[in-house]
Amino acid sequence: MGRIIVALILREMATTYGKSAGGYLWAVIEPVLGIVILALIFGMMLNEPALGTSFPLFYASGFLPFTMFNSMAAKIALSIRFSRPFLAYPSVTFIDTMIARALLNMLTNIAVIAIVITGIFIVYQIPPVVNMAAIFESLVMISLLGIGVGSMNCYLMTAFPVWERTWQIVTRPLFLISGTLFLYDFMPSSVQNLLWYNPLLHCVGLMRRGIYPTYEAAYVNQAYVVGVSVVLLVFGLLLLKRFHRDLLER
């Protein structure tokens, strides 16, 4: 199983990032461009960010967790479709393809987050006083949530192709309601009561708790995020185990 997963990871690396360093460089440049655009736009509109004094750091602390979740969920959701030729071999299972995509995407995103955040600290000469435990917890929660959502969508998108387009439409507001551009604490209580049920909001809040030592993010509930993630993962895997052969024949 280990050798199969390694082989699938190498194939994924070659397909996604190519055989040159340019592909990996773009994995860093793309989120940096997004952060720069957000920092420029809101820097012209506001005197200071909601936390700290650096617009790039504030928006990076929200944008990077969001892109990590979005990327992991999307990659895992297309695992069966992407690796369909290999699943014809008895030694390769749908679990192998999902693990390979999850591992590569998780490690890539963690590396990108580390590079970008460290770069902001250096460029803007911000003292790197961080809570590594909170950052680690946030990365684990984002990964688990991405795997859970991706597993459920892996079944739904393969069984019902229209769901892929539907999911893209339904989740478009997710960027705006996950705390990437604002702090949950500053929202009216009526809005907070609705936003709280978005598990990604908790992941972003925990990341900001790690980057900003004075920010408590008291609303964060790790158990809620883990619970939602595990439920989605279990149901997704059960459906895939029961119907994956039928899905491969479509």
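Backbone N, Cα and C define each Cβ position, glycine as well.
Unlike curated records, TrEMBL annotations are generated automatically.
Annotation source TrEMBL lists transmembrane segment at 21-45 (among others).
Residues or ranges marked as domain 'ABC transmembrane type-2' by TrEMBL: 22-243.
Outside the transmembrane segment (57-78), and at least 6 residues removed from its termini, the chain residues within Cβ reach (under 8 Å) are 31, 34-35, 38-39, 42, 49-51, 98, 101-102, 105-106, 109-110, 112-113, 116-117, 120-121, 124, 126, 138-139, 142-143, 145-147, 149-151, 153-154, 157, 164, 174-175, 178-181, 200, 203-204, 207-208, 211-212. The feature transmembrane segment is assigned by TrEMBL to 57-78 (among others).
Residues or ranges marked as transmembrane segment in TrEMBL: 99-126 (among others).
As annotated by TrEMBL, transmembrane segment applies to 132-157 (among others).
Below 8 angstroms of C-beta separation, residues 38, 42, 50-51, 59, 62-63, 65-66, 70, 195-196, 198, 200-201, 204-205, 208, 217, 219 of the same chain, each at least six residues beyond the ends of the transmembrane segment (169-187), sit close to that stretch. The transmembrane segment annotation in TrEMBL covers 169-187 (among others).
Taken from TrEMBL, the feature transmembrane segment covers 222-240 (among others). Within the chain carrying the transmembrane segment (222-240), a Cβ under 8 angstroms from the stretch's Cβ atoms is held by residues 80, 94-95, 137, 141, 144-145, 147-155, 199, 202-203, 206, 247, all 6 or more beyond its ends.
Sequence-distant contacts of the transmembrane segment (99-126) (same chain, at least 6 residues past either end, Cβ-Cβ under 8 Å): 5, 8-9, 12-13, 16, 27-28, 31-32, 35, 52, 54, 56-57, 60-61, 64-65, 67-68, 71-72, 75-76, 79, 82, 139, 143, 146-147, 150, 211.
Residues 65, 68-81, 94, 98, 102, 105-106, 110, 113, 163-164, 167, 199-200, 202-204, 206-207, 209-211, 222, 225-226, 228-233, 235-237, 239-240, 243, 247 of the same chain lie 6+ residues outside the transmembrane segment (132-157) yet bring a C-beta within less than 8 angstroms of a C-beta in it.
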